């Protein structure tokens, strides 16, 4: 992962499955390796995270390799609009992170293949590693005794809300001599699933949540206690939407920071290309922006 950026005061946190890629990575691998029926059988007896780990063990015992798993992931669908959104947001100075209930091996294989790993400062997901025998092990993010979250939307292995609380605490520690209310950077959170509801509840009025329309997190936000979600809700339906909505939010944040700097006596304004972004997006033309720098892992 790359070093933390965060130069423009915006931290974008992406879910992975059905957000960065247009599929569930576990199901993608299971189907690609011809193990769908076996996985379904494991799910009758085990929680999801334990079932995917057990399946990796069974496949290894039959001679299937980690490279076969990685090869299947390299074929997972990732829209060029997502790649463009990631690279543009990074080039504009956003810090980018992943918060996912997938696992480190799957996420890493996809991001490495598409040249995007260096855009992200951190990945919070279920740990995964290849052991000495060449078997892929996948572990729960929150081990025993569990995360203790009362929400039924959080699976037993990971509460993204707990992770989001930690991220927000980390973001609240910087800021130098700025007033406390303005010290923390804004968070933009993108997700689609039931597990993305809890972290959405942890955001405040200064933040944004981008639920994928027609997916479980959108249904939970739209059909539940709307006041419980304090963040500004900006939905997206497809990956063109994702790019336009995300970069529109970044443009709003940059404009707001620029206006605040003027109010505070002329602190440094955002670069010219950042200030021009809203008009560029409005015209529907591609922004001329510096390329993201990929830091070797």
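Even glycines carry a Cβ here, placed using N, Cα and C.
The annotation Mg(2+) binding site is assigned in TrEMBL to 15, 17, 192. Feature annotation from TrEMBL assigns active site, nucleophile to 15. Positions annotated as active site, proton donor by TrEMBL: 17. What TrEMBL lists as substrate binding site is 26, 101.
In sequence order, 98, 99, 100, 190, 191, 192, 193, 196 make up the list of same-chain residues 6 or more apart from residue 15 (Mg(2+) binding site) whose Cβ falls under 8 Å from its Cβ. Between the binding-site residues 26, 101, 192, the minimum number of other C-beta atoms within 10 Å of a residue's C-beta occurs at 26.
Using the Cβ center of 15, 17, 192 for Mg(2+), the list of other same-chain residues with Cβ within 8 Å runs, in sequence order, 16, 18, 19, 20, 100, 191, 193, 196, 212, 215. In sequence order, 23, 24, 25, 26, 100, 101, 102, 192, 193 are the residues of the chain that are 6 or more apart from residue 17 (Mg(2+) binding site) and have a CB within less than 8 Å of its CB.
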